[in-house]
Amino acid sequence: MEYLPYILIAGFATILTRFLPYLMFKKRTQNQTLLYLQKTISLIIMVVLLIYALRNMDFSTYSLGTAAIFCLILVFVLQIWKKNSLLSIVLPTIIYMLLVRILG
């Protein structure tokens, strides 16, 4: 019972952070910067994820390096061509796993 106030406060804060932006900005026009970010944010997130994933990868091994570079190019091509983040994540991941098994 002593944790109940903390749980209620955390729940209220969570609900407040979900609904507050809608209440604050419902009568304003859309900002051009936000519209630009809305269009480009998925590509930016993909670049950050790729840098994070590749930071410790060993490219000296031929099979792993070849598979990683191929799938890296595939991620960029799919994201620019289809603009579908799920496709850009899932398909190169599957192909990378297959290439590692076949080449490695």
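We number each residue from 1, going along the chain as drawn.
Backbone N, Cα and C atoms are what each Cβ position is placed from, and that goes for glycine too.
The transmembrane segment annotation in TrEMBL covers 6-25 (among others).
The transmembrane segment annotation in TrEMBL covers 34-53 (among others). Within its own chain, the transmembrane segment (34-53) has Cβ neighbours under 8 Å at 72, 75-76, 79-80, 83, 85, 88-89, counting only residues six or more beyond its boundaries.
The transmembrane segment annotation in TrEMBL covers 59-78 (among others). Listed as Cβ neighbours of the transmembrane segment (59-78) (distance under 8 Å, sequence separation of 6 or more from its ends, same chain) are residues 46, 50, 84, 87-89, 91-93, 95-96, 99-100, 103-104.
Feature annotation from TrEMBL assigns transmembrane segment to 85-103 (among others).
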